[in-house]
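Pulled from TrEMBL:
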DOMAIN    606-801  domain 'YrdC-like'
TRANSMEM  31-52  transmembrane segment
TRANSMEM  64-88  transmembrane segment
TRANSMEM  100-121  transmembrane segment
TRANSMEM  207-228  transmembrane segment
TRANSMEM  234-254  transmembrane segment
TRANSMEM  261-281  transmembrane segment
TRANSMEM  293-314  transmembrane segment
TRANSMEM  321-341  transmembrane segment
TRANSMEM  436-454  transmembrane segment
TRANSMEM  466-484  transmembrane segment
TRANSMEM  496-519  transmembrane segment
TRANSMEM  551-574  transmembrane segment
Amino acid sequence: GMSLQALCASPLCLTGSLLLAVHFYSSPRAAPLIPSTALGVLLLLLSPLLAYAGIWRSPGSGSLLAPLCLALSAFWSGYGAILVLAGRGALPTPGDARDALVPGLATSTLTLLLLALLGFLSGEPFPALLATAMALASGHEVALHCSSSLGPSAVACGHLFVCLLGGYFALGRILYFLTKGRFALPGTDLAEKKAQEQGWASAGNPFVAPGLLLNVLSASVFCCRLLGVTSRLFLGHVPWLWAAGTFQLGICVLSYRAMDVLMATAFGFTSILKFAGGYSLLYPTWQPAEPAFPTPLLVVFSILFAVLALFLSLQSPVDGLYLLVFVAYCIALACSPKGVFAAGPQGVAVAIFVASALVALIHLYNLRAKAKIPTGKGAVRALLARSSLLRLREGPGRHSPYLGYSKYADAEILTYACSVLASFALTATGDPQAPLATVVIPWVVVAGGILKLLGGSVAFARGKTLESSAFILYSIMWIIWGLARFAGLQGTARTFHAALGIVAFMLFNGFVVFCSLFLSTAWFFYSLTFMLVAGSFLLDAIRALPAGYDLAASLIFGLVSFYCFLATLASSTLEGLCLPMGKPLVQLGGVGAGATKCPHLPARKASSVKRIADILRNGGTCGIPTDTVYVLVAACSRPDAVEKAHRSKRQAQDRPMSLWISSLKQLEPAKHLFTPLLWDFMEAAWPSPISLVIPRGEWVDFLGMKDSAKYVGTPQSVAIRIPNCSVTTHLIDLVGPIVVTSANPTGEADTTHHNQVYAKLGDKVDAVLCGGPSPENIASTVVDCTKIDTGNIGFFRVGIIPKSQV
C-alpha cells in the first residue's frame, strides 16, 4: 500500500514543482512562459490528486507521506487560487500579491521543515528530502517577497531539486515493480521498512496531525497581520482560509473513517471558524464597511468547544487542553465588535498557531517513534480506574451500529452541534437593509447546511434511515432559507412561492415527527421543535411573524439540540453514566419491543458457546456465526427442533436444509456406507466453505433425526460440510451434528451481522451467538458428488472457493 502511495505521490510532486520552476525561471521576462491564471488552474487540478495519493490506503500505515501530501495539497490549492486572482486582476499592486502570499508561504516552510525533521528522525529519507527541498523553495520565495535584491532563480532552483528527487524516486519504484523487487535504486526500496512499519503503526487516527497543520495555516493569516508582516487583511487571504476549511472538512470525514469521533467533531468545528473568517474578509470587497460578528452565537460556540474539550481530555488530555485555545478565540471574537479585524482575536490566533504546531509535532512524532512523548492518556486512565461512576467506552464494538457493520463512526454529535449553531445564528438581529453585514451566512449555510449534510450522509452509511433522512432534509432547508433570508435573495417582496415551498417541507417534517414516535423521546422533541422553526420561516414568508416568535422558536430548538449533543457525546465517550435519549413514545412489536427476550451472547466466550449448546440440546433454534454468513441451526438429536427450524423459514423447495458436522469421526459408525473415493474426498476437502451434495442413504438414520429427516436435503441427496470456523466446530463438538439453514426469510439477502438475525427472524430464534460482522459476505461453494464414483462432479453454486481449487 505504501509503495503504491509513494509511486503515485512522486510524479504529482514532480509535475507541480516543474510547473513552478518554469514559472519562476521565466518570471523576470515581460511575458512569463506560463501565465498566472493557467499556473493557478493547473495547481488547483493537481492538489486534489495529490491529496488522494496521500490518503489512498493510508490508514494503518505510520508513514509521513500522508501528512506531507495533504499539507502540500492544501498549500497548492490556496497558492493556485491566489495566482488565479492575480491573473484576473483582483490583486492589482505587487504589494497586494506579497501580502496575499507571505502567510501561506511562511506556514508551508515551517510545516515542511517539521515534516523533514521527523522524516530524518524516523528513518524515512524520501519524504524527508522532499519536504526539505520544498521548504527551501518556499523559504526562498518568502525572502524574494521581503527583499527586492533577491532574484527568482533560487526559488526555481529549489523546485528543480524537488523535480529531480520526485523523478529519481518514481524511476526507482517503477524499476522495483518491473523487476518484481529484484532491483531497486538506493533509497527507494521500502520493502525492509514493512516489518518496522507494522511494528510502529499507530492504532490512533493518522489524520490528526494534517488537520492540526491546517489550523496553523489559517492562524498564520491573522498572526502576520498582528505582527505587521502584512499591511492589511483582504480578499487575497480568503484562499488560504477557505482551502484550510475545505481540507479540514475532508479530514473530518477521514477521522470518522478512522473511528475517531471526538477529533472529527473538533475538525468540523474549526472548519466552520475558517469559513466564517474567510467570509468576513470577503465582505469588504463589495461593501466599504467591516462585517459584525453575532455575539450570542460565539458565546454558544465557545460553550460547545468547552464541552467537547472536557470529553476529549478524558480520551487524550493534550488534545482536550489544545481545544481550550479555541474557546478563548470564540470569546475574543465575541468581545470585539470588529471580529477578526480586531487585535484581540489576532492575539489568540498567535496562540493557536503555536499550540497547533506543537500538538501536531507531538502527534507526528508519536506516529512513528517507539519512545512516545507522553500525552497524559495513562494518567487519565489510572484516575478513571479508581472511579466507580466514570468508565471510558473502549474496544472495537463501541462504534458498531445496531444493525450490521459500518466503515464510519457515528457523526451525530457534530450534527446536533451544528443544529445548535444554526438555530442560535437565527437569533442574530441583522440590519434588514444590509443583510450581509452580520456574519450569519457561514454559520447557517456551512454549519446548518453543509456539515449537517455530511452528518446525514454518515448516518445513512451506518444504516440509520430515519435520522439520515431528517438530517439531509433539515440541511437542505437551512441552506435554502439561509441564502434566501440572510443573503438578501428574498428582497423586500414576499411571494406565495416561498410560502408554498415551506408548507411542503413542513408536510415532510410532519412525517419525520410521526416516525420519530417509534425512535426515542429526544428525537420526537428534536423534530417537533424544528417544526416550530419552520413555522417561523412560514410566518416570515407571508409577513405575519409576531414579534419575538422566531427568537423563541429558534431558542427552544437550540436548547433541545444542545441536550441531544450532550447526550450523544456522553454515551459515545462514557459507559454507565449517560443522559437518556428516552424510550420510543409508541412501542412496536418485533425489533424494539422483543429485543430483551432473545439472549444475545458474545462468541469469544466459551461459556456463551456452552449456553447455546444447552439451548440446542433442549430443542431450541439459534443463530450462529460461521466462516461465511450467519445461519440458523438446530440439533439433529432433537427432531422437534429440526421441524421448528424448517417451519420458521417457510422453506422454498429449491433451498433445502443442510447438515453440518465437526469431524468425520461423527460419521465413523456409518463409514462402511460411503464409497472409499467419496470418503477420501471429504477428508481432503474439509474443514472449508465447501458443501458436498452426497447421495441419501441409510447413513442418515445414524444421526437420530427420526421422522424429521425428511426436512433435510431432498429425497435423493443431502448437502453436508465441516465449517472452517473454530466457534462453530466447538459448538458441534458439544451438541453433535446439526441441521443448518440461512438466517433470513426465503428470498432475502444473506445475514451478515448478529443484530440482523433477530431483526429478520424475530421470535422464531431462541438465542443468537454474536460474532460481529461476517468475515465473508459470500456463501459456500456447493459441489455435486452424487456421481463421483463415475469420475464426475458438478457445481450447484460457486461461492468463496473457486472451481479450480475444488
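One is the number of the first residue shown, and numbering goes on along the chain from there.
Including glycine, each Cβ sits where the backbone N, Cα and C put it.
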Would you kindly list the residues that approach the transmembrane segment (100-121) from elsewhere in its chain, counting only those six or more residues past its ends and only Cβ-Cβ distances under 8 Å? 64, 67-68, 71-72, 75, 78-79, 82, 85-86, 91, 127-129, 131-132, 134-135, 138-139, 141-142, 145-146, 213, 216-217, 220-221, 223-224, 229-230, 234, 236-237, 239-240, 357, 360-361, 364-365, 368-369
In terms of Cβ proximity under 8 Å, which residues at least six beyond the ends of the transmembrane segment (64-88) contact it? 2, 5-6, 9, 13, 16, 35-44, 46-48, 50-51, 53-55, 58, 97, 100-101, 104-105, 107-108, 111-112, 115, 118-119, 122, 124, 127-128, 130-131, 134, 206-207, 209-210, 213-214, 217, 235-236, 239-240, 242-244, 246-247, 251, 364, 367-368
Test of understanding: applying the rule of at least three C-beta pairs under 8 Å (pairs 6 or more apart in sequence), is the transmembrane segment (234-254) touching the transmembrane segment (436-454)? yes
Quick one: find which recorded stretch in 31-52, 207-228, 261-281, 321-341, 466-484 has the most Cβ pairs under 8 Å with the transmembrane segment (293-314). 321-341
So what's near the transmembrane segment (31-52) in sequence-distant terms, Cβ-Cβ under 8 Å and 6+ beyond its ends? 9, 12-13, 15-16, 19-20, 22-23, 25, 69-70, 72-74, 76-77, 79-88, 247, 250
Take every residue in the domain 'YrdC-like' (606-801), average their pLDDT values, and give the whole-number result. 86
Which sequence-distant residues neighbour the transmembrane segment (234-254)? Criterion: at least 6 residues beyond either end, Cβ under 8 Å. 51, 55, 70, 73-75, 77-79, 81-82, 85, 90-91, 96-97, 99-101, 103-104, 207, 210-211, 214-215, 217-218, 220-221, 264-265, 267-268, 270-272, 274-275, 277-278, 281-282, 284-285, 414, 450-451, 454, 458
